[in-house]
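K.L.:
Please read through the structure below; I'll follow up with questions.
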């Protein structure tokens, strides 16, 4: 039971980090109609910025601020120099150009920081464990990540429903020409949305980098998971991104934790371990396949988008 | 009167609060041109999409040559001989005129899974295609890419594609749209010849063409058919004048 | 068109010529590079069938490349150990015969393409890109988490498989096999895309609803194209495994999918010889830029950006001009 709660919390924390990635991707697609493979590179930029600044100053918090700033700045620069030219292009051009951006970012980072992984140390304020009701010892930092993810989800909800930027974002999703007709400066809106998505990705990179390690290529596996999240949740929908992210986070974590054990009751334990972990590693894709069969447009997607 | 080719019975389709098609019943008989007119937003496009199978009605049935086709998708309906031409000009832009019509011949033949012989050397495709191209007076344009055709030529190409489907009925959605006076006159002549191939359900804004071609006219307003009758009857109808012709005249 | 045909011939001559000249000069390494280019071109030809002619942006073709490779590696390693690959429902023994391995590699990748295609083709546009990418990643993780065939470390089989009448250890003879299969695949794609099937496939790319309106279901046309495409790419994967005598999850990675796509786009999407031009250029760049800097992929990235932004028709488009279809 204790283990189940612990793993569920892990799944929740994982899901929240996936949400930070997926939210930016889905916003950029919803507003600009752009598929951005380089979103994972911005995640990596955030992680490296945090590691570099935290290493130089000794302050994790400065590092975190740097991750937001660096990723947002990288996002804005990339949008101005490259992405902007791609809105009117087909998806194939977008895929190739953003794939090229991954190469540039990855190799550039390798050139700056080398191939060895960097590690971030937890700030004293958030290190250690807390005892939850029921006696479960759980790392404080992971709890903080869950809280932060929830806060950002709520903040995004407010941003989209209550602010002028949000109104423009929603209008842009509905009808791009209309926004232009309303006199909103489309170019600046796009740069702002792209930088916002980049900042969220950078933040996720810094936070996950604190749990794991910071290295070149860390962004793409997460990017592909974020795609799975979006396919499940429905493209363009921030709510879908949240639900999809939590589903994927939970399915993956709980599957990996419990599937081998469950199988071991049915078949030979050593085979169960092998088969169980193999199945667990693909469980989220099975989930995605199921959604594709039942609702190809995703749980919260509009019909006709798929 | 003969058995109808196409028989719509109490079709209804709503989008949220909007009733786009409100209990529409309508028939199309062999040899006739049945025109469907109505102001913009009356639900003409929705009705055409219901017939072609792109949309599914909430209730009601569609019979085609006596057979209920409600469960068939658009491709299957096209293979039965329900030939549709589009409101937005619909050809394959990168294909030549010949290739476009060949594609329609191929669709009607039902044999797309052939892999070896080049389609352009497949006389079962090229010969009927050439025949239909000549039929609409496009013989000299056969090898021109569809993207380079004039607007009127593209309409003719669409008619040729519709003919190639060996249709049992035509659904023509505003074939005159965007045509000059002369082009419209040309096309009117082609359409009046077309009815000998198969009956036509014609959605059209060009009243000259409608009055020249139609055997019967149905007037659709806010998703409902408010009148069906001959040209003279519709011209004389007070209800139609009030609802529709009035604001045009 | 004739200009493109001349260019096509020149490309193939360049590929063969490079290998022959290298053979005369005793430059085994260059022959290996030419072999690699031929194999990558073969993979690109496979992808081009769906990407170029079908307009389906699959970012998951590494799955089929890797499966073809793993099928080859698994059969070869079982042949060496003498243990059958499977005993149920029938006994499948390992093999070191290319002629026995290829059909199995093609069948494995074809089946995977059928399953992945059947699901992915329920979506379109940007969904399709993400879904194909995700399913390829699924197979990647399966390969990593399945310890029997090396897991993350991959699987070596030390001895290149054999082909009757040829010495496959001789680089130029192995090159001849790869170039021959590339030529066969080019011929197959040329025939397919001109046939009735190809007419429907190309039409569906340009105007899907029109194709439906003439009574053709694009889904089945596309699914078959996707499967054939996966089979060709699987064969390329089998050859690549034999070239390296080693398979690893890297063959299944998203990066590999991206590279196969780059071969196609760099050369020119929807042009028969586009992938040949693209693969040749890619290998040449890798070799030349790799000599300039360890970070050559960054330079490659910048070059790709320039091509997307300034020359969307790819290399063949630059030389032979834009065209319809």
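Cβ from N, Cα, C; glycine included.
Not my notes, these are from TrEMBL:
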type: TRANSMEM; residues: C:36-56; note: transmembrane segment
type: TRANSMEM; residues: C:63-80; note: transmembrane segment
type: TRANSMEM; residues: C:100-119; note: transmembrane segment
type: TRANSMEM; residues: C:126-149; note: transmembrane segment
type: TRANSMEM; residues: C:172-192; note: transmembrane segment
type: TRANSMEM; residues: C:219-240; note: transmembrane segment
type: TRANSMEM; residues: C:260-283; note: transmembrane segment
type: TRANSMEM; residues: C:295-320; note: transmembrane segment
K.L.:
Do the transmembrane segment (C:126-149) and the transmembrane segment (C:100-119) come together with 3 or more C-beta pairs under 8 Å, pairs six or more apart in sequence?
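P.N.:
Since 3 or more Cβ pairs under 8 Å link them, the transmembrane segment (C:126-149) and the transmembrane segment (C:100-119) do come into contact.
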K.L.:
Restricting to the same chain and to residues at least six past its boundaries, which positions have a Cβ under 8 Å from a Cβ of the transmembrane segment (C:295-320)?
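P.N.:
Counting only partners 6 or more residues beyond its ends, the transmembrane segment (C:295-320) has Cβ contacts under 8 Å with 3-4, 7, 262, 265-269, 271, 273-274, 277-278, 281, 285-286, 289.
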K.L.:
Who are the long-range neighbours of the transmembrane segment (C:100-119) in its own chain, taking Cβ under 8 Å and residues 6 or more past its ends?
P.N.:
60, 63-65, 67-72, 75-76, 131-132, 135-136, 139, 161, 222-223, 226-231, 233-235, 237-238
K.L.:
So which of C:36-56, C:63-80, C:172-192, C:219-240 is most in touch with the transmembrane segment (C:260-283), counting Cβ pairs under 8 Å?
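P.N.:
Between the candidates C:36-56, C:63-80, C:172-192, C:219-240, the best contact partner of the transmembrane segment (C:260-283) is C:36-56.
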K.L.:
Looking at the stretches C:36-56, C:172-192, C:219-240, which one shares the most CB pairs under 8 Å with the transmembrane segment (C:63-80)?
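P.N.:
When the Cβ pairs under 8 Å are tallied, C:219-240 comes out ahead.
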K.L.:
Using a Cβ cut-off under 8 Å, which residues of the same chain at least 6 positions beyond either end of the transmembrane segment (C:219-240) come close to it?
P.N.:
36, 39-40, 42-43, 45-47, 49-50, 53-54, 56, 58, 61, 63-72, 98, 101-102, 105-110, 112-114, 116-118, 120-121, 177-178, 181, 185, 188-189, 192, 197, 200-201, 204, 251, 260
